[in-house]
Amino acid sequence: MNGLNRVIRSGVRRRRVQTVVIALVAAAAVTASVLGAGLLVASEAPFDDAFAAQRGPHLTVQADPAHVTAAQLTASASASGVSAAAGPYPLLVVPMAVGPQGMRIPPLTLVARADPGGAVDRVELIGGRWATGPGELVMGGGMVRLPLGATVTTAGGTELTVVGTARSVSGTAGGWVAPSAVAALDAPGVTHGLQMLYRLTDPAQVSAGRDAVAATLPSGAVVSARSWLDIRQDAVEDAAVFVPFLVAFALLGIVMAVLVVGTVIAGTVGAATRRIGILKALGCTPGGIVRAYVTQALIPASIGALAGAVAGNLIALPVLAETEEIYGSANTAIAWWVTVLAAGGVLAVVAATGWAAALRAGRLRTVDAIAVGRASGPVRGRWASRLAARLPVPRPIGLGLARPFARPVRTSATLLAVAAGAAAVTFASGLGASLVRIQTALDQNTADVTVSGSFGGPGPGGAAPGGLPPGGSAPSGSASALDGAAVLAAIAAQDGTRAAYGVVEEPVTVVGIADPVRLSAFSGDASWAGFEMVSGRWFAAPGETVASAPLLKAVGIQVGDSLTVRSDDGTTTSLHIVGEVFESSPSVFTSTATVPGLQPAEFPIALTDGTDAGAYAEKLTAALTAQSLTAQPTGADVDPLLLLIQGLTATLTLLLLAVAALGVLNMLVLDLRDRVHDLGIHKALGMTPKQTIAMVIASVAGVGLTGGLLGVPLGIAMQRLVVPSMAASGGLHLPASLLDVYGPALLAALALGGPAVALLGALLPAGWAARTRTATALRTE
Amino acid sequence: MTDSVIDLRGVSRRYDEGPPALDDVSLSVAPGECVAVLGPSGSGKSTLLNLIAGLDRPDSGTVTVAGTRVDTLGEAASARFRRTHVGLIFQFFNLLDDLTVLENVLLPAQLAGARDKASREHAARLLDTLGIARHAGAYPGRLSGGERQRVAVARALVNRPALLLADEPTGALDTASGEDVRYLLNDLHAGGQTIVLVTHDLRLAEACATRTISVRDGRVEAGVPA
């Protein structure tokens, strides 16, 4: 056994390149697998874990204090099917502004709670402390996020300081205040309510629980009752966006890992056939041979797998941190069994391919095994050699081009690895481009400058006008005192204006949808704003509207149908749906002429090329002083989820490219080892180092080009499959324009990706081949 | 000795920590000479040949071939030198199994960037002269040892080298094939080709060589006119 150990050790040391390649490929394969599978698993259950940890409410009831007392709500905790309850908590929807200029932010739903704990909805405090008195605010993790120490001014002029940040996975509030703060928050425009939270004995029977609770309360007491299942659905949809993308990368990673690891191991053992023959001649049994070579492959593979497991877990950290940010106390690390399974799987592939190849070599007759590398073996691919000799290219290139046909199995495996690498790059670039287009279409935020009104009251420290945050929600119709036509005329008169439109957003109710629906009304041409039509056309006349898929789905209507919306003041408007617009929330878009009394409150502006947005905004603000409007350059508002996906895509793509390049490198190392004697002959006959490099690179150029040509359509097909699946996870239909991202220039560049990977993998072996001394190569058996 | 094809002065070569493979060897070969290098296995014969061909470099001393100091050449320059000035014949032929006979013979010319038509005509003439024209399209694996060595000779001559180096050219051949190669080399020498033979085959040395050199333990012991 000592002798066998020595054989193993010397094998690992002597075949250093192969040993390093095995370790690197195993590392890359494990990293990709841990990352893909780990995130897949992590995206499955964060909501459920966090909901259970926080004892989230299965039923969240908002009650009208005009119809129900706190005592009646407290008594509702004894309703049939209720296992625990918390509340009633005072609830206020408070318009707010921030900063010295009174910049308006969306109204914040504040809940007054003495502490974050309790039997239901144990809010997790993640920074600072809980609010204990008036003037203190604990911010939630909703759309509006303010740092500790920031101040906000309520509609009534009360100043609140952020003393803590917290999150409720159930999203029961946008912020929390102490019960003693409630009185000071009251002002015109502030909505009051009472919040009651229930946990049910049977979480699946939310409707029954709601009915049971409602039965204990006076008629009209319940304003809204939100099921935890709806919240869960929203959360799972967010996480589900990752699933198709991760599955695609995980599959690519596994296929490439098997191909490259298999080729590396089989090639390594195959190249050692003569050594195996000598070992057998010296008395080593076939079983000993198998043990020696499987162990020889497993040593570097285990080191690589360990490194890959560490790398995969480290790379996953920022993604999991984002998941934690979204869901609260969720998974903060990859599940341990995923790491074990990924590393074990890759090592199993290594062991299996090593075992099969060593077994074959071990079973060869000793005399035949020894003869390998000395006698002339069967020569394959002569037809290619003949063909290449006729090509009008320098002879070294012709020799290189024919070379892959001499080892068709090895070449095929490498070809598939390169194709998978090219597919990964194509898919990644298409995914990235589609996601950017999708974000642009969803943000409708292509403006260079945005004009908006100040908060409807004196801001802190005076009446300075303020603006909306760039890309933020337009104010509702409360700013309807503006003369939209006059503002648009003033904007049009400003030097540097290319296009502008006015918009106002108004919450409306639609029969069939519990929550308010956003109605956006436009003045002027908004066609450049980035709206993408899924079907039909943009509205063109008063009374026409376009609607989003979530709205059409919720109401059960389609393009061509009519829709009635009801404003807060009770006005109803009938709209004829002429198109479906790409938008993630239930929304309708129409002209201001359709809804009487609405005037635009925000004016997105596109500037002519070369116009300085800052200087333009200053001039325009001065011109609009009379209207109390402010122009601000629109900042880039990048979705963190998009950044996350793009970062992950880049990481996984680089990993797969590295595996593909290692596959090429491995193929060449094996090939050069097979042919080192021939290489010596070539050099003895006058082949220069440059010609040697050209020959080696040419030997993978065909593989690279073919791999690229196969990989590009595969990558496009994946993009066509995965991106719509990701959108469907969010309940969206994708217009073709968001998928058609591959222009001729990009396609040409992607097709060159295969040769680029091949070149990358060939550089080192080509250098080795060029540097090999002729006499040494000729002496090599 | 400017008119020598080969001029070695004080050449030594040692591999790793072992004894010198060549120790302070000086040697000259005149144009048209056929020199046979004799000696037992491991005496340094092949090392001598490798140094002359520019396949290896000495640790000390100078190696001048056809007026060029080959011991100072880099890999690329050495390759270019070899393909224009030196033809190599090996004991085990060293033909490329995936190329036909004609393609093997053409390869040095193609590497040198010779015009395709001219080199093809020259290669065909060589194959004809050597009596293996009928095998031009065959692969080396199908030829006999003697035929393979003829192909190797044709390949060595395709660039019209000033010097032909042969390392045990009959070592892997049966008696009849060895006889053929002896005649062939003799004919080449008679035509004015400068040849250096490394061989154990005394009959070959007697038949072809104008001078024999004996190498033992890395040192040239004698230079005897044949």
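Cβ atoms here come from the backbone N, Cα and C positions, even for glycine.
The following features are taken from TrEMBL:
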TRANSMEM  A:20-42  transmembrane segment
TRANSMEM  A:241-272  transmembrane segment
DOMAIN    A:248-363  domain 'ABC3 transporter permease C-terminal'
TRANSMEM  A:293-321  transmembrane segment
TRANSMEM  A:333-358  transmembrane segment
TRANSMEM  A:413-436  transmembrane segment
REGION    A:451-477  region 'Disordered'
COMPBIAS  A:454-465  compositional bias 'Gly residues'
TRANSMEM  A:652-672  transmembrane segment
DOMAIN    A:652-766  domain 'ABC3 transporter permease C-terminal'
TRANSMEM  A:693-716  transmembrane segment
TRANSMEM  A:741-764  transmembrane segment
Fill in: Considering the transmembrane segment (A:293-321), which listed stretch of A:333-358, A:413-436, A:652-672, A:741-764 counts the most C-beta pairs under 8 Å
A:333-358
Worksheet item: Would you call the transmembrane segment (A:413-436) and the transmembrane segment (A:741-764) in contact, using three or more Cβ pairs under 8 Å, pairs 6 or more apart in sequence?
Response: yes
Discussion item. Same chain only, please: residues at least 6 beyond the ends of the transmembrane segment (A:333-358) with a C-beta under 8 Å from a C-beta of the stretch. Say none if there are none.
Written reply: 22, 26, 29-30, 33-34, 37-39, 41-42, 257-258, 261-262, 265-266, 268-270, 276, 289-290, 292-294, 296-298, 301-302, 305-306, 308-309, 312-313, 316-317, 320
Worksheet item: How do the residues of the domain 'ABC3 transporter permease C-terminal' (A:652-766) split into helix, strand and coil according to DSSP?
Response: 99 helix, 0 strand, 16 coil
Discussion item. Looking only at the domain 'ABC3 transporter permease C-terminal' (A:652-766), what is the model's average confidence as pLDDT?
Written reply: 85
